[in-house]
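Student: Pasting the feature list from TrEMBL:
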type	residues	note
DISULFID	Cys209-Cys230	disulfide bond
DISULFID	Cys308-Cys329	disulfide bond
DOMAIN	46-159	domain 'Ig-like'
DOMAIN	163-258	domain 'Link'
DOMAIN	263-355	domain 'Link'
SIGNAL	1-24	signal peptide
Amino acid sequence: VLSSLESPLIFVAFILTSALSVSSSPADIEKGRRKVVHVLEDDTGAVIVQTAPGKVVTHRGGSITLPCRFHHEPENVDPARIRIKWTKVTDTLQFEDVFVALGKQQRVFGSYRGRVFLEQAGPGDASVIIQNVTLEDYGRYECEVTNDMEDDTGFVNLDLEGVVFPYYPREGRYKLNYYQAEDACKKQDAILASHSQLHKAWLEGLDWCNAGWLEDGSVQYPISHPRDECGRKDTPAGVRNYGYRHKEDERYDAFCFTSKLNGKVYFLKRFKKVNYAEAIKACIRDGSVAAKVGQLYAAWKFQLLDRCEAGWLEDGSIRYPIVNPRSRCGGSQPGVRNLGFPDKKFRLYGVYCFRENKDEAAGGTGKTKSVIESLTRRKSSNSIPMNATKVI
C-alpha cells in the first residue's frame, strides 16, 4: 500500500495474455498532483499496486521477454534519472544481478552477458529480452525501478518446457548427497528439478518409488499408483515429501530436469553390438558423442524418438526410448526404459549418439545482432509486441 508521499513512482509488472485484464481506477482520479494508473483503490482510498499473476514460458535455446512496466508521477521526470535493475531470486533473500540500466548506461552480469537486452518498446517499458535461454535461467526474477528516493518492484516467473527424470549413479540408489546430486544432473545435461516441475511431471503420470533431491534442498518422490512398498497402498496418490534434509550428510537419488536440445539424438546403426569403449569410439567416428541421459529424455520428449533397441549412454547405463508402447518393448506405458549399468567390457549393446546442431550454434552471434537491430528500430514505438513464446 502506498502512502501519500509527494510524487510517488507507480509501478506495474504484468504479463501479456488475452485471458488477463488489469483493472484501473476510474478515469482521471485526482489527488493533488497524483493520478492513479494501473492500480485499484480499496474502500479506504489507499492505493494498491497490482501485479498480474502467471509466468512466461519458453524452452532451452529460445528467446523470451520478461515483461515489466512502470509509470512516473509527475510524468515529466528526467529519463536519465531512472534506474532499471533486474535480479534473479536464487534463494530466500538471495539475489543474483542480471541487468542494470541508468539512463543510456547499461550493464549485464555473469552468464547473462551478450544474452540480455532492454526491450525499449516505449516510455515506461522496463522489460528485458533473454536470448539463448539456458536451463539455469529457470526461476523467479525481480524488476526494480528507482527514481531518486522512490522505488518499487515486481516479479516475473520464467518457466521452461521440459521433462523431469529420476537419476541414480552406477554405485546404486541412495548414494548422492545434495551437491553430488546437483553435479550428477549437470553431467547428464540437466539441472535439479524444482517442486513445481516434479509436481507437473506427476500430473502427467510420473510414478517413482525412490526419493530424490530437488533444487531447493528438499527430498520428494511422485506416486501415481499407491502401493505398500511405496508409502502404503491406502495413502492417496501425490508427491511425497520428506522435507528439507541435510545437504552433506544425507543421501538419496536425484530428480533432474532438462529441456529442448540444440542437436539430435539417434541410434547408431551397426552390423554388430559393441561394449562400452567401442560404443564411445563409434559415436566419435560418426562425428558425434555418446548421448547423455538428459539428452535421451529430451529427444524422447521433444523429438519423439522411439526405438525398441537398448543402447549405451555416456554414463555407462543402457536405455531406450519408447513413445508408442508395444508388447515386446517394455510395457504398456511410454517412457525411457532403463536396464541399469551392466559390465562395460563384456556386455554388448547398440549405442545412442548425440550430434550438436552446429548451424544453430554458429548462428547465435547473428541472432544476437538481429535482436539488437530490431530493438533499435523499435525504440520510438509505444506499442508492446506480443512475444511468440507462450505466456501463462
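Each residue, glycine too, has its Cβ placed from N, Cα and C.
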Student: At the level of the C-alpha atoms, what whole-angstrom distance separates Cys230 (disulfide bond) and Cys308 (disulfide bond)?
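Tutor: The separation of the Cα atoms works out to 29 Å.
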Student: Express the distance between the Cα positions of Cys209 (disulfide bond) and Cys329 (disulfide bond) as a whole number of Å.
Tutor: 22
Student: I'd like the per-state residue tally for the domain 'Ig-like' (46-159) from DSSP, helix first, then strand, then coil.
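Tutor: Summed by class, the stretch gives 9 helix, 63 strand, 42 coil.
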Student: Applying a 10 Å Cβ distance cut-off over all chains shown, what neighbour count does Cys209 (disulfide bond) have?
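Tutor: Counting Cβ neighbours of Cys209 (disulfide bond) within 10 Å gives 14.
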Student: Along the domain 'Link' (263-355), what average pLDDT does this model show?
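Tutor: Across the domain 'Link' (263-355), the average pLDDT comes out at 96.
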Student: Within the chain of Cys308 (disulfide bond), which residues six or more apart in sequence place their C-beta under 8 angstroms from its C-beta?
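Tutor: Correct list: Tyr320, Ile322, Arg326, Arg328, Cys329.
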Student: Taking the Cβ of Cys329 (disulfide bond) as centre, how many other Cβ atoms lie within 10 Å?
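Tutor: A 10 Å sphere around the Cβ of Cys329 (disulfide bond) contains 17 other Cβ atoms.
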